[in-house]
Protein chains: 2
Amino acid sequence: MRSVVSTRGGTGPELRERPRPVPAGGEVLVRTLRVGVDGTDREVVAGEHGGPPAGEDHLVLGHEAVGVVADANGTDLAEGTVVAPTVRRPPSGTNEYFERGEPDMAPEGAYVERGIVGAHGFMSEYFVSAPEFLVRLPRDLAEWGFLVEPISITEKALEHAYASRSAFAWEPESALVLGNGSLGLLTLAMLGERVERTYCLGRRDRPDPTIDLVEDLGATYVDSRETPVPEIPDVHEPMDLVYEATGYARHATETVAALAPNGVGALLGVPGDWTFEVDGGALHRELVLHNRALVGSVNSNRDHFEAAVETLAGLPEWVLESLVTDVVGVEDYDRAFRDDDTVIKAALEFDTL
Amino acid sequence: MRSVVSTRGGTGPELRERPRPVPAGGEVLVRTLRVGVDGTDREVVAGEHGGPPAGEDHLVLGHEAVGVVADANGTDLAEGTVVAPTVRRPPSGTNEYFERGEPDMAPEGAYVERGIVGAHGFMSEYFVSAPEFLVRLPRDLAEWGFLVEPISITEKALEHAYASRSAFAWEPESALVLGNGSLGLLTLAMLGERVERTYCLGRRDRPDPTIDLVEDLGATYVDSRETPVPEIPDVHEPMDLVYEATGYARHATETVAALAPNGVGALLGVPGDWTFEVDGGALHRELVLHNRALVGSVNSNRDHFEAAVETLAGLPEWVLESLVTDVVGVEDYDRAFRDDDTVIKAALEFDTL
C-alpha cells in the first residue's frame, strides 16, 4: 500500500510502498480516508521535530486522520464505522496517564506520538489501532473528520484556560487569536460560538483568503505590523482570552499585556530558544495585580476528541469549505505539504466512503 | 484615640491623635486588638505604593487586623465578637464585584483598600465597618487573628493555582516557596499540610531564625546564592507547585524552569519595571510542552478569610510563636516597622481581650 513517509536525513515527504498492516488481537484495521497536514508535519519533514520509531529509517507521517473500520477483527467496533484516531500511545504496555485517559498530560518518555515521534502515523492506505484510541464520527462528517484532531487541540487548551478561571465568575466577552494559520482560524470559528467579540492577528496584506475568512466569521483582523500585540488593548480592547497559535516566542510574554483584568492566555506554540529583552518587572506585576494567567497546552485526549466531534458537527459547511483549501490525491502528496499564502488547510485523500 | 498614620510626603509612620469614629447606620464599632505589619505597609510608608483618601493629608495604616466588636449599633454582630476585617471596599456605593463577593477580582478603580490606598486602615484604637466586611474568629484565636489577612492571601493564590490544574488529575507532591518573609513562611506551614515535600528559597546565612523555622517545619532550605531557581530541579527535584513571594521580577520567569510537568507557579510579588534578557523561546516552549501554568493573584475575598480562620486554627502554636517575633505596644510603633534579619513578623498591640 502507498504511504507518505519522512526518512532520516531526508529533505521532504516521500511516497513509499509498504505492506498493509495486519491487526493484532484487540486491534482493528482502518481504511484511511483523509489525512490533514499541519505545521508539525512540516517540522517533522524538515527534521526539526520528532522522528522515526527506534531502529527504523523512516516515519509514516500524518496525525490528523479520518478513516473507516475495514476489519473489526472481533472487536466491538463495527466495520463501516467512521473513526478519527488519537495521537499518543504508550511507549510500551501502558502507564498511569493512559490508564486514566490523560495521555496528553504524560511527561516526555511516557508516550510516543503517531506520525510525529516514535510511532508510524496515518498517511497510509490502511492503519491499525486498538479501538480505545479511535473516536467515532457520524458518517456525514467523514469528509471533514481529519479536522477532529486539530479541533481537539483547541478543546483541550480552552478547557485548561477556562479551568484556570473557574475559581471566580468569568464570562469572557473578548477573545484574540494570535495567528491566522489553520489552527488559529478553526479556533476563531470555535470562539465565535462562545465569545461576543473576536479578533485574529496576522501579518498579511489584503486581498488574502485568511483575512476574508476572519471577516466572514464576524471577527476583526489585526495586522501585527500596524498594531503590535501590547498595543491591542488601546487600539481595540483588552482581551479576556488570548489564544496563541504562532509559536513566535515574543507572543508568550506580550500576551500578558494584551489581557483584560482576570484574563487568561492559552499558549500553544513551540518556539526554539531565543533570548531577548523583556520588561520582566512589568510582566510579573501585570500578572499579579490583575489576576492574570498563562496556561500552556499540548496534545489532547479522547474526551477532547469527542468534544471536537460535537464542535465539528456544529461548524457551518461554508467555514469548513473556506478553511480546507486543498484536498489532493495521494500521487500529489507533495502539493499537500506546500505552504504558501493561498493554502489555509490541506489534506491528502487516500479514499472515499 | 491613637492612630498610626502615613502622611503625604512623610518619611515614616507617625503617631497621631484622631477622634474615635462613630459608626453610621449599619456599621459596628470595633476595638482594635492587634494589627500586623508587612512589606506593603513599608511600601506605603515609603510612598512607593498606595496613598491617603482623596482630599486628606494622611492615611491611617494597617490592613492586617483583629479586633472585638465594641458597639453592635443595632446590627446582628454581637458585642464581644472577635473579628478580622477584609481590606477592599467599594469606592462608592457598591459594584458587581462586591455584590458577588469577589472584590479581589475587581479591576483598578472599582475598589479602595483600607490602610493601603484610598481608605483609612485599622492602626487605630477603634475602627468602624459594616458587618459584611468582618469575619468572625473564635475568641481563642484573638491573639493571632491579625494573621488571617495574610493567610487569606495564600488561600486565594492556592485556590487559583489548584483551579488551573482542575481539568486533570493533579496531586502535587513537591512545593517550593520563593521567599522566606512572613508570607512565605506562613505559606510553607500551610503547604506542609497539603504536600509531601516542601522547600523554601532564601538568601540568608545560618544561624538565622527563618532558616530554623523552615527546617522545623520539615522543609528544605534552598540558598538562592548557591542554587538559583532554574537549577532547583537538578539539585533537588522539579516542583509541582511554586509559590512566589519575593517580588523579584526574575522569579516570575525562572519559576517556569523550576516546575515539574503539569506544574503551576502562583505569583504574588509586585515588582517595579525592570528590563532584562530572558530566553523567551525556552520559556514559551516549556510552558506549552509540559502543560505548565503561571497564575497571578492579588488580594482575597471573604471566603478566603473564612478559610484562613480554619487554617489559622489548625496551625500549631509553636509555628505562630516562631513566626511572630515582635508584638509591640502602640508607643513603640516604630519598632513594628523595623525590617532586619531578627524580625519575621511584627504586630502592633492596641489592646487585649
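Glycine residues also receive a Cβ, built from the backbone N, Cα and C atoms like all the rest.
Curation plays no part in TrEMBL annotations; they are all automatic predictions.
Annotated range for region 'Disordered' in TrEMBL, selecting from B:1-24, B:193-216: B:1-24. What TrEMBL records for the substrate site is B:Thr40, B:Glu113, B:Glu149, and among B:Asn299, B:Asn301 the residue it adds there is B:Asn299.
Tertiary proximity for the region 'Disordered' (B:1-24) is limited to same-chain residues at least six positions away from its ends with a CB under 8 Å from its CB atoms, namely 44-45, 47, 51-52, 57-62, 71, 73, 123-128, 330-331, 333-334, 337, 348, 350.
Long-range Cβ neighbours of B:Arg203 (NADP(+) binding site) (same chain, at least 6 residues apart, Cβ-Cβ under 8 Å): B:Asp223, B:Ser224, B:Arg225. In sequence order, B:His63, B:Val87, B:Arg88, B:Gly115, B:Ile116, B:Ile153, B:Ser300 are the same-chain residues whose CB sits within 8 A of the CB centroid of B:Thr40, B:Glu113, B:Glu149, B:Asn299, the residues recorded for substrate being left out.
Distance from the CA of B:Asn180 (NADP(+) binding site) to the CA of B:Glu113 (substrate binding site) is 25 Å. Across the domain 'Alcohol dehydrogenase-like N-terminal' (B:26-138), DSSP classifies residues as 17 helix, 43 strand, 53 coil. Residue counts for the region 'Disordered' (B:1-24) under DSSP (helix as H, G, I; strand as E, B; rest coil) come to 0 helix, 10 strand, 14 coil. Chain A has a C-beta under 8 angstroms from the C-beta of B:Leu268, B:Val270, B:Val298, taken from the binding-site residues B:Asn180, B:Arg203, B:Leu268, B:Val270, B:Val298.
Considering other CB atoms within 10 Å as the measure, the emptiest surroundings among the binding-site residues B:Thr40, B:Asn180 are those of B:Thr40. In this structure the C-alpha atoms belonging to B:Ser182 (NADP(+) binding site) and B:Asn299 (substrate binding site) are separated by 16 Å.
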